[in-house]
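Copied over from TrEMBL, here are the features:
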TRANSMEM  41-62  transmembrane segment
TRANSMEM  74-92  transmembrane segment
TRANSMEM  123-144  transmembrane segment
TRANSMEM  189-209  transmembrane segment
TRANSMEM  216-237  transmembrane segment
TRANSMEM  257-278  transmembrane segment
TRANSMEM  337-361  transmembrane segment
TRANSMEM  381-403  transmembrane segment
TRANSMEM  410-434  transmembrane segment
Amino acid sequence: MEDADVPLLSNVGSGVLKHNKNHGGGDECFLLEAWRETKDLWHIVGPAIFSLLSSFTMFVITIGSAGHLGDTEFAAMSLACNVILGIDYSLLLGMSSALETLCGQAFGARNYRMMGIYLQRSWVILFVCCVAMLPLFIFTTPLLKLLGMSAEVADLAGLVAVSFIPLHFSMAFQFPLQRFLQSQLKNDVIAWANSVALVVHLILNWLVLFKLKVGLVAITLALGVSWWVLVLVLLGYSVSGACPDSWPGFSFEAFSGLWPFLKLSISSGVMICLENWYYQILLLIAGRVGNPVSFDALTVCMTTNGWEFMIHCGFFIGTGVRVANELGAGNGRKAKFATMVSVTESVVVGIIFWFVIMFFHNQIALAFTSSKPVLEEVSKLSIFLAFTVLLNSVQPILSGVAVGSGWQSYVAYINLGCYYIIGLPLGVLMGWVFRQGVLVSFF
């Protein structure tokens, strides 16, 4: 039982100051060291990008399937996914990143047994959080009506939101399991599990949409089933003996030391939520001040940005794991070097996509629409999209460093200042005072 009382992040401060000569000593060629770090980084980043794109694709498929049922169904599904699930997803994903800090450092320090205890503590906290958030799903209809949505769309979106409750609870188990395995560098397992879930989701959507021809609720439940398949695959792998050192079995120790774990989880959740909810607020403002054509063009730009941003989210995960592992092992210099390599490579990816968007923006837009007015509007917005993509290549990596170091609370304050004290008032000013329309989303 004494392991359960080990202070959280107790060795971080001393770990930053240590220098391990076996990791990148002065006699080692810089390029060789960078190549080794690149291989270590991409061993995490590659599968992480694939997993994120798979999850993103499942949501896109679900929204697209709803579009085949009608415009009202499409609007209801879009609202339920982007607003209700968007709030839910950001909070639970952020809270689970506390596990990335603790498990990553425990793995680096070879304190493997505590990783399984941390995993179970995260399950307990996120499950309780899911129960507390149930009113968000149950009262979606009156909430959307309060925000000015039409009664028809709000009623249907409320039905969809209630059908999302099984998916809602799956996140409480899936996100911690992914962090648990990522910290042990078992990233291929996560990628394979996401592949299985994606295939299951494609089959289920084909069945309910084209064969059974059932309604919106069935499409929503199909997404929930696919996510629970992912949970069961990851859970089965973790407890079946594949992680003998880090999985000690179910233990009552998971119910001890919850308060410090909860504080770190809340800091992590606030850090992510302040960032993600900011974009949702700006999109809501853009929808109120822009015309339909410009808002359609903005949707094309934001969808493109969303796909590309999954790559940098992969770097966010990889950086967090690498920094946490090295700090846990007492290799402060290697943690700094991993950060430098990750930032450099993420910026290179950002520059590549900057060029692609600047020179092929019309071709990219054709993948979404053939409307000439929308294509022309996308062309006008492309320069803002290109620089958004480029700037987004740095911020996630710095957030990953914060997660790996256990500095989530500091980043939460920074996000609060940058997004809500500076960015949001600027967006409102540009939208309502200077009449810049959908350009507010790029501020």
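Cβ coordinates are placed from backbone N, Cα and C, and glycine is handled just like the others.
The stretch from 41-62, 74-92, 337-361 that makes the most Cβ contacts under 8 Å with the transmembrane segment (189-209) is 41-62. By number of Cβ pairs under 8 Å, the transmembrane segment (381-403) is matched best by 337-361 from the list 41-62, 74-92, 216-237, 337-361, 410-434.
By number of Cβ pairs under 8 Å, the transmembrane segment (410-434) is matched best by 257-278 from the list 41-62, 74-92, 216-237, 257-278.
Sequence-remote contacts of a segment are chain residues at least 6 beyond its ends whose Cβ falls under 8 Å from one of its Cβ atoms, and for the transmembrane segment (74-92) they are 59, 62-63, 66-67, 126, 129-130, 133, 136-137, 140, 144, 149, 153, 156-157, 159-161, 164, 167-168, 171-172, 175, 216, 219-220, 269, 272-273, 276-277, 280, 283. With pairs at least 6 apart in sequence, the transmembrane segment (216-237) and the transmembrane segment (41-62) have 3 or more Cβ pairs within the 8 Å limit; the two touch. Counting same-chain residues at least six beyond the ends of the transmembrane segment (257-278), those with a Cβ under 8 angstroms from any Cβ of the stretch are 4-5, 7-9, 86-87, 90-98, 101-102, 118, 121-122, 124-126, 399, 402-403, 406, 408-409, 411-412, 415-416, 419-420, 423-424.
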